[in-house]
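Read through the structure below, which is laid out as structure tokens, and then see the notes.
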Amino acid sequence: MIWVVLMMAILLPQSLAHPGFFTSIGQMTDLIHNEKDLVTSLKDYIKAEEDKLEQIKKWAEKLDRLTSTATKDPEGFVGHPVNAFKLMKRLNTEWSELENLILKDMSDGFISNLTIQRQYFPNDEDQVGAAKALFRLQDTYNLDTNTISKGNLPGVQHKSFLTAEDCFELGKVAYTEADYYHTELWMEQALRQLEEGELSTVDKVSVLDYLSYAVYQQGDLDKALLLTKKLLELDPEHQRANGNLVYFEYIMSKEKDANKSASGDQSDQKTAPKKKGIAVDYLPERQKYEMLCRGEGIKMTPRRQKRLFCRYHDGNRNPKFILAPAKQEDEWDKPRIIRFHDIISDAEIEIVKDLAKPRLRRATISNPVTGALETVHYRISKSAWLSGYEDPVVSRINMRIQDLTGLDVSTAEELQVANYGVGGQYEPHFDFARKDEPDAFRELGTGNRIATWLFYMSDVSAGGATVFPEVGASVWPKKGTAVFWYNLFASGEGDYSTRHAACPVLVGNKWVSNKWLHERGQEFRRPCTLSELE
């Protein structure tokens, strides 16, 4: 029974998880302006308080001089009729005015502004989402906690640092999510900064409390015991640490006895469980996907590379592009991925973004079983849909896609605009519906997604590539360009090599817009072949 009690005592205080996400740079820039407004309001409040204190100080100095003189000869002082009158006036009127001044609340304007702005503030979900974004970037781009804490990220314009308290809070978020791998990393970083002499509201005892438990949960009992002893050196009366110490020593003695009773070679083997590290992932190509995001992994052979060309494309003698052909570049051969350069102007990009910004909502996916739209942890962005009839620019962009691809856009989906903030991503997925998803696009009545057109509407300082893990292709964002590929073979069968992902944005802001073209209307534009894989 005592060991059940000790096991319960080992648990740290729990807090609720809020799986929210902060997905839009546009939303965060609005918060910057809101905070600037609050700072201005706060400074106004400080100025008002300073003015108030200055008035009170002048009163005190004046009365100090007056009372100093009066107390030297009280009878003589009040014997003067003017002094007597002024004494009555001060005590009856002026001290009341001073009292009212002291009691006057100068914070009304600031509190009122703060109350109005608070409705736009992020909540617990957003804070947790921002922390998870850091963990995601840390894993994807192989960043250590010290690099992140010191702000040494590629492409940064505004260097920022994490305090020991910030690191501690990140560790607590990971702990709440039962992510003991990241709990250990960030608690160790907090401890490291404290030991380097950083002044903080967080103490080493609190950090070691979380850290020792996270290490224990990953199976490193020796380290957990060492950290617990270190904690008790700082706080010998720590109740949970004392309980943990007894429990850890008991477990280790049990393991030692088990080792002694083991025979032959088995007795020489270590029985302590290995560290679990990052939890087993549902994504089979995780390692390849993250390598491609870092610019590593599969590279095209020189022989294949020689087959890729740049060319001018006139849209099969389309009148709009005969005199001013589009610049086209082969990015990959199988599947064939083509990039169009200078295909959307800065002015058009700004109009599309302005149309989309008021409508940006958390991006959803269609549930393959129910068909319902839902948010998922592997797609973290905000998106909006624009119809061609809303603005001439959107209509012109749609026709440009039709002219360059030769595909009918009348059956295509609306132009989807997406904004990926820091950590924003879309993990490996297919754009087309597989055979086990026969109802995916039934409501549209236009068949499967035959092709994808993707505009890059911003440059990205670091990260944010579009990668194809099945073949090892990485396509990097470049403002004003677009990439195009077919999701289906001409036979109508899905091309599984087009499985792709949007890598997390490490530094910067990523704007894209895409057009999904469907089978209906393409019967004579892209005739069906007899071979399934052609």
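Backbone N, Cα and C define each Cβ position, glycine as well.
For 1-17, the entry in TrEMBL reads signal peptide.
According to TrEMBL, the feature repeat 'TPR' maps to 205-238. With DSSP states grouped into helix (H, G, I), strand (E, B) and coil, the repeat 'TPR' (205-238) comes out at 27 helix, 0 strand, 7 coil.
What TrEMBL lists as domain 'Fe2OG dioxygenase' is 411-519. On the 0 to 100 pLDDT scale, the domain 'Fe2OG dioxygenase' (411-519) averages 93 in this prediction.
Helix, strand and coil counts under DSSP for the domain 'Fe2OG dioxygenase' (411-519) come to 3 helix, 50 strand, 56 coil.
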